């Protein structure tokens, strides 16, 4: 059965993360049968990491605040998590299903495909987003 996505519900969750006035900094998109739907959301990145277990595949849209004291900016990451125990067929489908998620999640600085929990560490993601951001005008603090 072909995978579908609940676009309206996923778009509402996506916009909640994009809203700087919202405390929500992450949302997951999970499989409910053959349909991708919004999953959990929250204001604590560590709580997001707890969603990424070995038997799960999910997509996540996460907001990080970067920059220095003079210039704070929101950077967004699209994370595809594929747990170690996910079957080969489901792994393969995750790649094609991501195109459905990208119909909703269109603005992000960097995309990650992760199956190792170490790569979910906040410092790693932040450093990758900083690299993707181009020029570093924060040199005086280094």
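Glycine is no exception: its Cβ is also placed from the backbone N, Cα and C atoms.
For the ranges 46-55, 56-65, 66-75, the feature annotated in Swiss-Prot as region 'Flexible and important for F-actin binding' maps to 66-75.
When Cβ atoms from all protein chains are considered, those within 10 Å of residue 2 (N-acetylalanine) total 8, not counting its own.
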